[in-house]
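These features come from TrEMBL:
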| type | residues | note |
| --- | --- | --- |
| DOMAIN | B:1-127 | domain 'DNA polymerase III beta sliding clamp N-terminal' |
| DOMAIN | B:137-252 | domain 'DNA polymerase III beta sliding clamp central' |
| DOMAIN | B:255-376 | domain 'DNA polymerase III beta sliding clamp C-terminal' |
C-alpha cells in the first residue's frame, strides 16, 4: 500500500474510528486501526468487537484530489500511536507507504515515522447486514432521542439488559425507552418507514449510542439505520457504525406508567429545575432526597433537610395546580436529569399518591415522558 | 452578623478563599470559610494551615453600595456547601444572617438556606508579618516567573526542599530557581527594592505558587510581597495570600551550570519543540528518550527508536551551529517543558559533551536559563 493523503482528512478519519478501539482488548489485532486503499477510497476501521466504526476518505471531493493512491493494499497500524502522530504532522500532505515486514513509513515534510504495523489479513471481518429493516432519520432528531433517554439506563451490570435503550417501531412510530428500575425515560417520533416495518425488543447498549452521539455531525443530515438479529448498523456521511445488540427480554415499562393521575401541577421547567438543584445542594448525605409539596394558592414548595448540615426551602409559582394536595419525596438526581432532558419551557407533572410513580411531560409534546419513583421518608 | 451583599462579589470572594480549604484536613474548623463583617468591609478567610487566603469585599466600590452591614459579627460556614450555594443563588442580592446556635440563614429571592455554622472564635489567627522585607512587582511578571520555573520542581517527597522554588534577592535582582535534580529552571528579574534588601534561601512550595498563579488576576496590577522567617505574604487587590516556607537548605545549583560550552546550536524554539514532541510520540515505552545530533551543514537531526514500536527521524534547520559535533540523548519531557516555558522565538543551546548537562537560553534574554541532564544510551 502506498498513498498520499491530505492530513486533515486523515486526522478526522483516524480520530473517528479510534473511538471504537479499546486499549484493554485481549485481541492484539484490535489495538490497531485497519487502513485499506482501494482505487476509489481509503477505508479506516476501528473495533472493540462490540462496536465497529468505519470511515472512508474518497480520492476526490468536489473535484479536488484528497488521496492519491499509488499502490493498492491494506495494513493495520497501532491505534495508540497513529492517533497521536496524525495530530502532530507538520505539513498538509502525508505519505503512507507499507514497506517490508509491515513496517509503515509515515512521512510529512521532513518528519519520518517508521511504525511497526500488523498484517491486515488477521483483522476480523465486519458483520454482513442486509438492508431488509431500514429506516431513515435526521441526525439531529436521532441525537436528541439518544440524549433524552440514554441517561436513564442502569449503570449496574447486575441486569445487563437495563444498560441498553429499547427500540420499538410500530406503524411508523419509533420509540426509545430507558430505565434503571427507579425511573423511565421515553421518547417517540414519527419516522419515514413503511407501515409494515416493525422493530421489536431491540436493545442497544447505551455506550454504543453515546459514542454514536459523539461521532455524528451536528449538522442536519439524513442517516440510515439497519437492524438485524444481533447487530445494528447506522450509516451517515462517510461513516458506518456497527454495534452488537443486548441479549435478553426488556421489561414491559408500559405497565408501570399510570394512565390517570390524582393531582396535576404545571410549572416552568427551568424554574423547577433550578429550585431542585438548590435544594439538592445540602442533600448529598441524604441520598439526594428532595421534597415537593403543593401549598395553598398557586405555589409549590421545594425543600430538603439534612440535620447535620442544614435545610433549604423555596417556593415557586405554578401555572396551574389541580386535584389532591401533594407531598412527595424523590431522588433529586433523577428529577434533575429528567428536567434537563426536556427542551420545552413548560411541563406538567401528574401524581397518583405519595408512594406511586409520578409522570413528567412537556405541556406541548405528548411524545416525551419521564417517570420517577418516589422515595419513602420517615 | 447580618449583611446584605451583592451575589457576584460574594461568589468571587468565596471562590477565591475556598481554594485554600482542603477537604482532607483533620482540623474541623478549617473545613469552613470564616466570614467577618466590619463597618468597612466583609472579610472572607480560607486556610489549610499551609496556605491561607483572605479576600475582602468593601461596603462601597466607586460610590456604589456592595454590602449593607446590618449587624457586625463573624461566623464560619462549611466551605463544601457554601461554595456550591453561592453559585446557584437566584437573585443578585443575598442576605446572610447568623441566628441561634450559629445556624446561618442565606436568603436570595424566595430561596432560603439554613446552614449549620461554627463559632468563629475557634478559627486560627493568621500569622502576623511585619512589612520589613517588602518588594513590589507587577502581577504579570510575577505570574510568568512562576510559570517559567515551578514546572521543574520535584514531585517526590523524598527530598521535600526540592518541591519548592528557591527565591533569592540581591542588589535588586530577584531570582527563582527550581530543580528536581534532573534539570534546572532559572529566571531572574530586576525589581523595585532597596539595594540593602536581601532574601536568601527562601523556598516556597510550588503548590502555593501554582495556587497564587491561579488566583492573581491576569490584568497588570502591582502586588506586594512580604517575606518573614517562616511565611510569605503576597498582597494583591483585595486579596492577602499567606504561605508557609519550606524548611531546609536548598542545594547550590550554580555549581552544576557549566560556564562555557564546546558546541552551540541556535534554532527556532517552536520548530525544535514540535520536532521533539513528534519524536517523543513513539518513545513512551523508552523513558521518553529522544536523540539530538548535529549533521553536516546547518541542520540538526531529532530522532527516537523504540524497537517494538518503530522509529522517528526529522531534520530541522539551525540558525547557527558552531564547535564540536553533538550527539546527545535526553528525556524529551524535560526538554518539552523547558521549551514551552520559553516565550522567545529563538534559543541557543550550549553543549559540553554527551554526558554533561546542557543549557538552553533565549538568544534575546540572558535572564532565563534551563539546564537538562542528558541520559546514557547504549
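Note: Cβ is positioned from N, Cα and C throughout, glycine not excepted.
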Local confidence of the prediction over the domain 'DNA polymerase III beta sliding clamp central' (B:137-252), expressed as mean pLDDT: 93
Summary of DSSP states over the domain 'DNA polymerase III beta sliding clamp C-terminal' (B:255-376), given as helix, strand and coil counts: 27 helix, 54 strand, 41 coil
Per-state residue totals over the domain 'DNA polymerase III beta sliding clamp N-terminal' (B:1-127) - DSSP helix, strand, coil: 32 helix, 60 strand, 35 coil
Helix-strand-coil residue split for the domain 'DNA polymerase III beta sliding clamp central' (B:137-252), DSSP-based: 28 helix, 50 strand, 38 coil
